[in-house]
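One structure is given below, encoded as structure tokens.
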Amino acid sequence: MAANIHDQSFSIVFGLLGNILSFFVYLAPLPTFYKIFKKKSTEGFQSIPYSVALFSAMLLLYYAFLKQHDAVMLITINSIGSCIESIYLIFYLIYATKTARIYTTKLVIFFNIVALGLIILVTLVFFKGHLRVSIVGWICAIFSVCVFAAPLSIIRLVIKTKSVEYMPFPLSFFLTLCAITWFLYGFSLKDFYIATPNILGFSFGITQMILYLVYRGETKALVLPDSNNKVQLEQFPNANNVQQSTVNQNQEGAMNYGVAGMISNSQVVPSELNV
């Protein structure tokens, strides 16, 4: 009995800390949307990170409601996250081009109506009780593992360019701290659907911080596509360009791939495509 109370106390502390950290992580894309607002255009910024973030937050909400017990922390942060990501997407649609608006609408329909709807329908109709919770938990865990593989692209970019220009240290630090907090939360509740994926989260985060320490003094690199769509590297003392802003936007947005199970400093490969 005393051990259960002790574990529950730890889970409350870690859950509150995770909620606070994750809330600020969700606010990280605000500079991106301020740029969009100032220029009245989405330019090269992409909507994929925010569409996927909304899907994963809603998926975790469904898992939390099924779980019922010890789910308050999951419900609060993912409810907040769903609202914030929805606002981002609405704001994006206002300033997007017609092509980008259509593409974003298709993404939202696919992820949050078709995919999420099928998951809810199948699990409610064909499964019951603890088995239903386990299946949805596994879906969350598998999806988050896939998301946590995304930082491999930015790690590869840093090693190739020998530059940390596209990988701000504070962002990697706080995302790593966030992943550790949610791991401890899941571990204290023996909820391994939450704990296990975050092992990858803080492992990749620590790797990024080590790379930052190794390459922080190197010359910044500009990534340019050549005529054969292969990456070219040019050295600049200060590369403020479309490619850089696009990578930073993807780092700010894609890291919100759901909190308390899928929070990640994941990256999307640099692109100038306005989609």
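Every residue gets a Cβ built from N, Cα and C, even glycine.
What TrEMBL lists as transmembrane segment is 12-36 (among others).
Per TrEMBL, the feature transmembrane segment maps to 48-65 (among others).
For 71-95 (among others), the entry in TrEMBL reads transmembrane segment.
Remote same-chain partners of the transmembrane segment (107-127), defined as residues 6 or more beyond its termini with a Cβ less than 8 Å from a stretch Cβ, comprise 47-48, 51-52, 54-55, 58-59, 62, 66, 89, 135-136, 139. Annotated transmembrane segment per TrEMBL: 107-127 (among others), in sequence order.
Residues annotated as transmembrane segment in TrEMBL: 133-159 (among others).
Annotation comment: TrEMBL describes 166-186 (among others) as transmembrane segment.
Among the features that TrEMBL reports, transmembrane segment is placed at 192-215 (among others). With a threshold of 8 Å between CB atoms, the same-chain residues lying at least 6 positions outside the transmembrane segment (192-215) that come near it are 63, 74, 137-138, 140-141, 144-145, 148-149, 151-152, 154-155, 158-159, 162-164, 167, 169, 172-173, 175-176, 178-180, 182-186, 260-265.
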